[in-house]
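*Asks:* Feature list, courtesy of TrEMBL:
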DOMAIN    45-294  domain 'G-protein coupled receptors family 1 profile'
TRANSMEM  29-52  transmembrane segment
TRANSMEM  64-87  transmembrane segment
TRANSMEM  107-128  transmembrane segment
TRANSMEM  148-172  transmembrane segment
TRANSMEM  205-230  transmembrane segment
TRANSMEM  242-264  transmembrane segment
TRANSMEM  276-296  transmembrane segment
Amino acid sequence: MRTDNQSFLGDPPRDFILLGISGRPWLELPLFVVLLVSYVLAMLGNIAIILVSRLDAQLHTPMYIFLSHLSFLDLCYTTTTVPQMLVNMGSSRKTISYGGCTVQYAVFHWLGCTECIVLAAMALDRYVAICEPLRYALIMHRPLCQQLVAVAWISGFGNSLVQVVLTVQLPFCGRQVLNNFFCEVPAMIKLSCADTAVNDATLAVLVAFFVLVPLALILLSYSFIARAVFRIQSSKGRHKAFGTCSSHLVVVSLFYLPAIYMYLQPPSSYSQEQGKFISLFYSIITPTLNPFIYTLRNKDVKAALRNLLTRMWRLCRR
């Protein structure tokens, strides 16, 4: 018979226990309501962005091609984690199967790395629009945008594949308890009872590449944008140029700051207590806020949303 201290080297565990906020049961109902409302808002907001980007001819530009993919990523991001969290909060048995856990962290890391590159592509689009306005249509043509998006999705999948292959080989000992709301690679590495030096090093290298390289490109793009904007003589022109970039900068900050804290530290020193609340932030709060950030500061999106709602209202009245 297998003891609690024996590793599951040959036979993976059947399921994992996700603690979430089990130590604070009084928080479960308020957090359940917050997650449910946030999930509904994230779904509605991101679906609306995708629809107006596809249906409104004025939004068939590179910026909105990237924005529609960002919204689709956020839609998938929340759907990967939030339904499982809601089920566990409404149940006394807070578990996830081994296969479900593997799929969850595989998809989560795929989407996360893809979003890093999409955000960098959006920064490139803003750089060309402000620094090379006369050549914008020539440089940012539709095939290039589609190629950048394809590179983002394929690269994210490649990163996720490497992480999954390494993580599924880890043995786990004793009770399979994850002090988190959902499955993530750092938490899985922390839980393993084997030597995780290879996993730690691989995660650090891949995260450095997929987080720091796109972030460096974003910062470089905005340094050129800032230099170009300060050369504009009129204050109205400067304000308009900054306005086109402010939404993207806010989204980049909301996404990258938690990601840098979470992943640019060795998994061996990873604090699950702090990490699980940061994970909660960028898995639900950021995808919920993104559509509102882009809508509130963007006249084109607001006009397209009004047109879409008007058309839907007319269809409903027939």
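Each residue, glycine too, has its Cβ placed from N, Cα and C.
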*Asks:* Among 29-52, 148-172, 205-230, point out the range having the most Cβ pairs under 8 angstroms from the transmembrane segment (107-128).
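*Replies:* By the under-8 Å Cβ criterion, the transmembrane segment (107-128) pairs most with 148-172.
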*Asks:* Can you say which of 64-87, 148-172, 205-230, 276-296 has the most Cβ pairs under 8 Å with the transmembrane segment (29-52)?
*Replies:* 64-87
*Asks:* Do the transmembrane segment (64-87) and the transmembrane segment (205-230) come together with 3 or more C-beta pairs under 8 Å, pairs six or more apart in sequence?
*Replies:* no
*Asks:* Sort out the residues at least 6 away from either end of the transmembrane segment (148-172), same chain, that have Cβ-Cβ distances under 8 Å to it, and list them.
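*Replies:* Non-local partners: 7-9, 12-13, 65-66, 69, 102, 105-107, 109-118, 121, 124, 185, 188-189, 191-194, 196, 198-199, 202-203, 206, 210.
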